[in-house]
Amino acid sequence: MPIGTGVDTHVFCRIICLLLSTLWLRFVYANDQRERERERERERERLECVEFHSLPFLGNGIKTYKYNALTFIPLNLFEQFKRVANLYFLALLILQIIPEISTLPWYTTLVPLVLVLGITAIKDLVDDLARHRMDKEINNRKCDVLLDGRFQESKWMSIHVGDVVRLKKNDHIPADILLLSSSNPNSLCYVETAELDGETNLKFKMGLKVTDERLQEEHQLAQFDAMIVCEEPNNRLDKFTGTMRWRKDRFPLDLDNMILRGCRIRNTDVCHGLVIFAGADTKIMRNGGKTRFKRTKIDELMNYMVYSIFVILILLCAGLAIGNSFWYEEVGSRAWYLKDGKDQTASYRGFLSFWGYIIVLNTMVPISLYVSVEVIRLGQSKFINWDLQMYYQEKDTPAKARTTTLNEQLGQIEYIFSDKTGTLTQNIMAFKKCYLLDVHSGPLHCPVDFSWNKYADSKFEYLDHSLVACIRSKKDKDAMEFFKLLSLCHTVMVEQNEDELVYQAASPDEGALVTAARNFGFVFLSRTQDTITISEMDQEMTYEVLALLDFNSDRKRMSIILRFPDGRIRLYCKGADTVIYERLSPNSRHKEVTQTALDIFANQTLRTLCLCYKDISKQEFDAWAKKHKAASVAMSNREAALDGVYEQIESNLMMIGATAIEDKLQDGVPETIAKLAKADIKIWVLTGDKKETAENIGYSCELLTDNMQIHYGEDIKLNRHVCVFSPQNEILYEKKKKRRRLRLKRLGRRPVPATPQDATQPIDDWEKESRQVDFVNMACECEAVICCRVTPKQKANVVSLVKKYKKAVTLSIGDGANDVNMIKTADIGVGISGQEGMQAVMSSDYAFAQFRYLERLLLVHGRWSYIRMCKFLRYFFFKNFAFTLVHFWYSFFNGFSAQVAYEDWFITLYNVMYSSLPVLLVGLLDQDVNDKLSRKFPKLYLPGQQGALFNYKNFFISLFHGIFTSLVVFFIPYGAFLQTMGQDGEAPSDYQSLAVVMASSLIFTVNLQISLETSYWTFVNCFAVLCSIAIYFGIMFDIHSAGIHVIFPSTFTFTGVAPNALRQPYLWLTIILTVGISLLPVIFIKFLCKTIWPSVGDNVRPNQWNLGVFEMELSRRSAYAFSHSRGYADLIASGRSIRRRPAAARPDPRDSITEVPQAGNI
């Protein structure tokens, strides 16, 4: 049967779509996306012979909650029963229902289990309700969506891919949208990206020229029917690739045309956009990364110890079951009075006895342990939140514990990985010094008076009067050229806001330089598509912009080519000294003295920059411009082609001078680092900055000192800067290089690399792992490490390497979105709520406003939390062993029959009411030394790093302590009851009286034991101990009363036992003797430990240590500073990013010129 041409065409189109979709491309249809989806569905059904491969579009609603009304109970119970302990007690409850096995009533297990599950469920419910509220608030935000030919208000959750939306000033962006048009000239749109990438300076987005011209009105937008072909959803915040097909034409799309969710519209009245990615497909949601479940070392150790208790329990039960079999064979089967009428063998009875003892000894596995730990952690988190010494009043920012599960881990940190900019520094730049060939400026004593300059910023401070006098005299042409360059060579944008000129800089560095030029009389006023206007000493001048060679991290410089009013063509360039000196003309003057000045600036930890120029002939420029145009339209490797063209023109430069900018440290950073170093915490700085800048900040914050030997690890395959100290480390590094070379020889000849980069790649996974081990071993020998030029992913990789190969507890601290991966990878993540948005804070475990608070978080709260948790766990295991093992000793006197030694209700309430409150308060309030001594003596932190306070040694000490206490609690009352006569002539040696005496002795012992463990006494602690004992006696007398027995005769069987037994003075003496013998060895051992083997804390309390003071000498270091992100050159050069200048005369901006961010206000 012949196939029609139409069908051929359809099939061909489907095949083409299939091929495209296998490349994971997204097709978005404007306005009628939903109708198009239905049409495509019908087309797929019609052409079943062709499989159309496409990913479905997600809605714009987000969901971060875990439960709803129907799923909460089953899902929460399912999650809780993932815990082995909870599952174990559920199995016990089932066993207790079996009459032949059960030796305890079912409620002895059900009551604690329900209490534990209920408290945990309530906590989970509160957390999930907060997530519900947040999701509801976000999903119900309103936005104008184009529906049925007009804009209608719609909820965010109702937005779909392909919808056209209208956004207004200060609106949050609901999805990743393609900017179509705006109320600003040339569809320019200002957005704030602080929540997205952590940067506070405004960014510029622009629509395509065709959409700007044709999609301004509502009816035009309603007729918009373009198709967008773009990449599938991904987490690349810095990249977008797509094509718009509209009216038989194609238009390239990139990130400059996209406004991402997480941004906010600023300084733009109205803009229109097309939804490309929605909901979970948006870049901000994709960029969040996988949330890693973090667990403390104590958690892991505690779980292993619970497993150990399981093993001990099974061994004990097996031994007792074997004992029951032998006893029944030898004694029970021959005693007529023990006949129960059951025809069961000794082995079968032993088998039943095994399960009976599993039930009796179940309290060895502490059911309330996990919920008690959660309560303690919650309280410790609240103490962090309430700490006024970690409250930053200037920004009204308190410390925030955003998790309640990691507090004790804060007391075990071995490595800190810190970002630099915004974490150690304030990310606020100030122009401090400069070098102008023969003029070397520097601070004097009093600030310069800039009142002569009508454009001066009153917040700008400078102290060198000679430089100002030189500028005002207009005699030094080099000085005039210096500040002219600063006012012209930049990508700063300016907008007019009423009577003010507001600067928007790509980085604080550029803002500081342009502000400095403004104060020295060279004021940047405005720019257009091809001109830039400045005021030179009150004379307005306009220069034609011929080309703008923007900054990137590889070039480390930027240039601008200008045509002067007199027709001259000149290139101005500023950049790092390492790249500028390579491009200087042999005829350039004062290269050596400028380098000396740069070294001086670097020694003072200032961020330096070189300024230079080059005069270009018209013929040379015309030839270069042709190459530049060809490179700028290249479809492949465009950036590399442009870099090559830039390299040709940026040569034979003439030096003008150098600048020095201060990135001021946050308050208390050097002191904090010094204290943490004394606590044997190693600090690594992971930054995207250049090597020199990072090293200088290292000296400034005293992470590096001149007593240290610096080693640069360029040979390491991570290609990062590593500071290695002491000759031993350098020898270690050389040995590792030799071992690496020998390994490579043994592996054989490496294949010829295709590129120079391939030559440095490892041959196989074994070599890759070997290099990683070498790097970690070498770096961890150092006192401090600085890794520079690292990407966010590499930051996380460095943290992972240390965790993997050193098994160390790590902490990452940062303030920007580029630190999120590192924060999530570390055992503890700390976010600084500073100048770079809230992404780091939202991904962190703890958050505060200043780096200096890290000292208190670790040395005070972390250390206290660790000590408290360790003391709590040691005591918790002890009291459970002491309580449970009494059953074990009693078994030798009851024929191994799985009979319990206590009353049923005492077993039920022991962990819940009789012994829980004092130990909980120790876990919440105890402290060996106060906060001042904790910070004064950082060596107190060492036991936490070593895990000295809770390990298997401590576990077995608690086990043997519990065994000893259980022996005393059972055998002393047993011996006292063996041949006893009461005052009334009756022998009170019945089982029930023995149970009461043993229980009373145990309650006194465990409550007085926690009193001995308490280091910090308060009224609450004293009340808790006395209250626990009082509650025990109160409940015991109630459940032993005749009244409750009448109501529940089968449940309360110890009628009158307590009043009868405890009225005998002999039994009170027995209780006192039992308690005394239990506690005397503990008191003696504690006395020996404090006098003969005192701990660090024991030494601190009576003694004061003398802390040495280390002096620091100056040394020469080179550095440079520049914008760390790409500037606005493409935007400026396009000619569509500039506001149209009003026809009215420019207002006098005296005393009203402002700059954002405020770089000069230090």
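Cβ atoms here come from the backbone N, Cα and C positions, even for glycine.
Unlike curated records, TrEMBL annotations are generated automatically.
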Original post:
For the record in TrEMBL, which of the ranges 851-870, 991-1010 is the transmembrane segment one?
Top reply: 991-1010
Subject >> Recorded stretches the transmembrane segment (304-328) and the transmembrane segment (1022-1046) touching, at least 3 CB pairs under 8 Å >> reply: no
Original post:
What mean pLDDT score does the domain 'P-type ATPase A' (139-203) have in the model?
Top reply: 84
Subject >> ASP815 (Mg(2+) binding site) versus THR421 (ATP binding site) - Cα distance in angstrom >> reply: 8
**OP:** Residue list, the transmembrane segment (104-126) vs rest of chain: Cβ under 8 Å, 6 or more residues beyond ends.
**Re:** 66-67, 72-73, 76-77, 79-80, 86, 89-90, 92-93, 96-97, 359-360, 362, 367-368, 370-371, 374-375, 378, 900, 904, 907-908, 911-912, 1051
Original post:
When neighbour density is defined as the number of other C-beta atoms within 10 angstroms of a residue's C-beta, which of the binding-site residues ARG607, ARG789 has the lowest density?
Top reply: ARG789
Subject >> Intrachain residues whose Cβ lies under 8 Å of the transmembrane segment (81-98), provided they are six or more past its termini >> reply: 104-106, 108-110, 112-113, 116-117, 303, 306-307, 310, 355, 358-359, 362, 365-367, 369-370
Original post:
Roughly how many angstrom lie between the C-alpha atoms of ASP419 (active site, 4-aspartylphosphate intermediate) and ASP815 (Mg(2+) binding site)?
Top reply: 8
Subject >> the domain 'P-type ATPase A' (139-203), counted residue by residue under DSSP: helix, strand, coil >> reply: 11 helix, 31 strand, 23 coil
Original post:
Using Cα coordinates, what distance in whole Å links ARG607 (ATP binding site) and ASP815 (Mg(2+) binding site)?
Top reply: 20
Original post:
What's the CA-CA gap between ASP819 (Mg(2+) binding site) and PHE551 (ATP binding site) in angstrom, rounded?
Top reply: 23
Subject >> Lowest local Cβ density (other Cβ within 10 Å) among recorded positions: ASP419, ASP815, ASP819 >> reply: ASP419
